[in-house]
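> First the structure, which I've put down as structure tokens, then a few questions once you've had a look.
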Amino acid sequence: MTPTIKPLVLLILDGWGYREDAPDNAIAKANTPVMDRLWEKYPHCLVDGSGGAVGLPDGQMGNSEVGHVNLGAGRIVYQDFTRISKAISDRSFFSNTILCDALKKAKAAKGAVHIMGLLSAGGVHSHEDHLVAMIEMAVEQGAEDVYLHAFLDGRDTPPKSALPSIERFEALFARLGKGRFATLSGRFFAMDRDKRWERIEQSYKAVYHGLSGVTSANATDAVENAYERGETDEFVTPVVIGQPAPIANGDSVFFMNFRADRAREMTQAFVDKDFDGFDRGSRADISEFVMLTQYADTLEAPSAFPPEPLNNVLGEWLAKHDKTQLRISETEKYAHVTFFFSGGREQEFEGEKRVLIPSPKVKTYDLQPEMSSEQLTDELVAAIESQAFDVVICNYPNGDMVGHTGNFDAAVKACEAVDHSVGRVVSALEAVGGECLITADHGNAEQMSDATTGQAHTAHTNELVPFIYVGRPAKARNGRLSDVAPTILHLIGMEQPDEMTGTSLMTLEQD
């Protein structure tokens, strides 16, 4: 009979990949006595969080949304990126009812088509191939005025990598004989997810009203001028390109990001009737606003690729069996341990509690690499000591959020802060007879420089991630993120649902 283990805690160390020691490996260079001891002492293995193992195209780096969906689902979940790319390749994208209807409405109203999204080959929040397809579709269906509002990456891509993408789209516009860049914004402004409305406001006013203190004759000059100001792609101040092209009556707007978390705030500014984040100014009577995917079920706008339901994810299965669960993280990864881990569900399951620890209000997290880890750990330790929960899901964002800054020394400090927190959590669990699983959703901090470009490496990696079981004697096997939920169920003595096709990474010696 399986002994009662309460709680079982899953610690997700965001961006903590496994890589042999290298000069730019912030994790290896950090002083991490706790993780080093746990790796040596307890059953451990490596799991795959990228490419086909998580439902992405082969070779595509993993990301936090994809990672948490797979962690919670217990099966490989084919991602929106893959789904949309397939629709483009089989041409079903070009007959998508939602997209076609919005284009027809704009044409009937003699309105323009505005396409906005992250101009990136990173494949984390968007892919520029999808923007190309949307522009081609708009022109094919008779749109006369097509405007591209491009958000620049430099986070999931090298910090200064926008110019080749801009050249690609300028060539596309020339080939089609229609379309142009209307605005550029660094994703720092256009894709905030922490209610820093002053950032969204700057990008929104450029896109919606054609207003900015920075203008440029063309997109290439805009980027080169930004570089001269010391701005990398992510931080490019919103720029109006050429003659302003504000949103006007009858226009249709298409938001081409497929990942929800960093698309919600800009979408709220466009569509929420009671929006109060900032003064939006005058509002046009637009024909349609289309989300590529559903960014939130509370947003009143159609989505071209609505969610495909996931049944019997870990949270739902625990609730069906009267188990209690806690989801806890900082602001930056709160959506990941709740919405994404629950397969796209906004509301709590029966017996689920959620705790949000505010992330520090700093421009970039290399300025405070420990982030809010101490406060997060205080809350987590208190929850463990209460013994009120059967399962706890916690994310420490530091490795990823600081890794994205490209600041090596800060990433080292981030890893050390997380290591200290893990030590506190494990000690609290030992005191109450609980157990712990430690893993990551994808890599990041283990590679901080790009050998090809010589620039800082700010993106995720394709590296495997560690998996440690701090508990009973067991044998470990390598696997993928979708094996984690079945592992949790196995360790607490529950059968897994038929929908979960993953298998436990641990075999208890008593089994």
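Numbers run from 1 along the shown chain.
Keep in mind that glycine also has a Cβ here, set from the backbone N, Cα and C atoms.
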> Report the candidate from SER64, SER386, SER504 that shares the Mn(2+) 2 site with ASP14, ASP441, HIS442, as recorded in Swiss-Prot.
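Of SER64, SER386, SER504, SER64 joins ASP14, ASP441, HIS442 in the Mn(2+) 2 site that Swiss-Prot records.
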> Looking at substrate binding as recorded in Swiss-Prot, which candidate out of ARG187, ARG199, ARG327 goes with HIS125, ARG155, ASP156, ARG193, ARG259, ALA260, ASP261, ARG262, LYS333?
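It is ARG187, as the record lists it for that site.
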> Check Swiss-Prot: it lists ASP400, HIS404 as binding Mn(2+) 1. Then name which of HIS420, HIS460 it lists for that same site.
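So the Mn(2+) 1 site in Swiss-Prot includes ASP400, HIS404 plus, from the candidates HIS420, HIS460, HIS460.
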> Going by C-alpha distance, which of the binding-site residues ASP14, HIS404, HIS460 is nearest to HIS125 (substrate binding site)?
HIS460
> Where's the emptiest Cβ shell within 10 Å among the binding-site residues ARG193, ARG262, HIS404, HIS442, HIS460?
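With the binding-site residues ARG193, ARG262, HIS404, HIS442, HIS460, fewest surrounding Cβ atoms within 10 Å: ARG193.
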> Using the alpha carbons only, what distance in Å do you get between ASP14 (Mn(2+) 2 binding site) and ALA260 (substrate binding site) once rounded?
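Spelling it out, the Cα of ASP14 (Mn(2+) 2 binding site) and the Cα of ALA260 (substrate binding site) are 18 Å apart.
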> Determine the most Cβ-crowded residue among the binding-site residues ASP14, ASP156, ASP400, ASP441, using a 10 Å radius around each Cβ and all protein chains in the structure.
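In terms of Cβ crowding, the pick is ASP441.
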> By CA-CA distance, flag whichever of ASP156, ALA260, ARG262, HIS404, ASP441 among the binding-site residues is nearest to SER64 (active site, phosphoserine intermediate).
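Among ASP156, ALA260, ARG262, HIS404, ASP441, ASP441.
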> What number of additional C-beta atoms lies within 10 angstroms of the C-beta atom of HIS125 (substrate binding site)?
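There are 25 of them.
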> For ASP441 (Mn(2+) 2 binding site), identify the closest of the binding-site residues ASP156, ARG193, ASP400, HIS404, judging by Cα separation.
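Ranked by Cα distance from ASP441 (Mn(2+) 2 binding site), first place goes to ASP400.
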> Under a criterion of Cβ-Cβ distance under 8 Å and sequence separation of at least 6, what residues of the same chain contact ALA260 (substrate binding site)?
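ALA260 (substrate binding site) has long-range Cβ partners GLU65, THR293, GLN294, TYR295, ALA296, ALA335, PHE339.
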